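One structure below.
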Amino acid sequence: MIQRDPNLLLSWRADQHPDAPMHNDQRYMTGFGNEFATEAVAGSLPIGQNSPQRVAHGLYAEQLSGTAFTAPRGQNRRSWLYRIRPAAVHGSFSLVEQSHFHNDFGAGPVPPDQLRWSPLPLPSVPTDFVDGLYTMAGNGGPEAMSGVGVHVYAANASMQDRFFYDADGELLLVPQQGRLRVHTELGVLALEPQQIGVIPRGMRFRVELLDAAARGYVCENFGGLLRLPDLGPIGANGLANPRDFETPHAAFEQREGTFELVAKFQGHLWRADIGHSPLDVVAWHGNYAPYRYDLRRFNTIGSISFDHPDPSIFTVLTSPSDTHGTANMDFAIFPPRWLVAQHTFRPPWFHRNVASEFMGLVHGVYDAKAEGFAPGGASLHNCMSGHGPDAATFDKASQADLTRPDVIADTMAFMFETRAVLRPTQQALSAAHRQADYQQCWSGLRAAFQPPITEDAT
């Protein structure tokens, strides 16, 4: 292990340090978008080909494609699975009535108000991950293969004999409370708050809760697959480094019984009976796979001279659009960091943005909001809606001693930023946990303008 001078760490906690353990009992392969090969039973992977006449151990070969066959090689995503039964083996689907999780973003007027919500209440009756999903906002849809759905979840029960897949988009999971063990077709992801997980479009999985209750956020990405942002003049290293992304080794379930397969397809939920666990992939190879990332390993970039840089420097993952330089969705975080800029208002500045910003708080306190923005809560600042630090934060930062650094510690906020307006759902607008008085956080910002007295004025 690299030895570091402890005096240089100052107030950083051990679990915020890049050497912090990952707190899991699973095995992982490292790297972003790598070509992986893994088998839970030796000899299951064919050598030198994908689809032999007879697969070892009586398995079936099946390709899972995440991009078009003809996508450029550097962007092509697919994996070959060697499984006990093909994915086609299940009963007929029927429509499920589920009022809270959907893609109904409405066609009516979108209020330009700044919006904020307290945390989604935890359920009082047994509720698993799928039943606990609650749609907040979104844009676009699976038909156009662009845009996102923004959801939160609150659950207190594991998915035992129930499995889910989303044919509409890949799922970015951001746990806020409670640890998860996500059993997927290609292996098991252990997730805890301050880690994220990405489940590819179409990947079947079930979510096991490791604590009494769990809550968090989900971004359903209908557009281009998430990738690492270009670093430009930053260079070859920085932000989220590829080696810190982890993909599970092959693991499988060999269970038969009465199970339920739930699918999200074209904005609706469907269910089918299935007589076995669909998580029966014994071996696989390819680059279309689930992965996780520990946000505490993010290499934060900032100013060491003056001014607060644009928040794009905090981008972890980006979903590209058809317009170069403009993302379908950016996932950015606001982690522990030092602020040392001189002659500078150090918190995030007041802003109006052509993009739309959905924010959440995983842990601690967000440095631009002294009150009201709690872990598990959320805010939405849509296109050109003014936002920025509240009055208390502005007053404190305007008088701060800039000869000393501001150490932003013990925090983790994040943002889903989209190029299209995020349309809040009716249930989010009318929710009891919506903070109707959110705008009052800026009411204390008084006019302090005092024009200079000139000789002409006297």
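Cβ atoms are placed via backbone N, Cα and C, with glycine included.
If you check Swiss-Prot, you get these features:
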ACT_SITE  H308  active site, proton acceptor
BINDING   H351, E357, H387  Fe cation binding site
BINDING   Y366, H387  homogentisate binding site
CB-centroid shell, 8 A cutoff, Fe cation site H351, E357, H387, site residues removed: R352, N353, H381, S385, G386, G388
Residue, out of the recorded positions H308, H351, H387, whose Cβ gathers the largest set of other Cβ atoms within 10 Å: H387
Alpha-carbon distance [Y366 (homogentisate binding site); H387 (Fe cation binding site)] in Å: 14
Rounded distance in angstrom between the Cα atoms of H351 (Fe cation binding site) and the residue listed as 'active site, proton acceptor': 12
Y366 (homogentisate binding site) to E357 (Fe cation binding site) - Cα separation in whole Å: 15
Cβ neighbour count within 10 Å of Y366 (homogentisate binding site): 25
C-alpha spacing of H308 (active site, proton acceptor) relative to E357 (Fe cation binding site), in angstrom: 18
Protein Cβ atoms within 10 Å of E357 (Fe cation binding site), excluding its own: 21
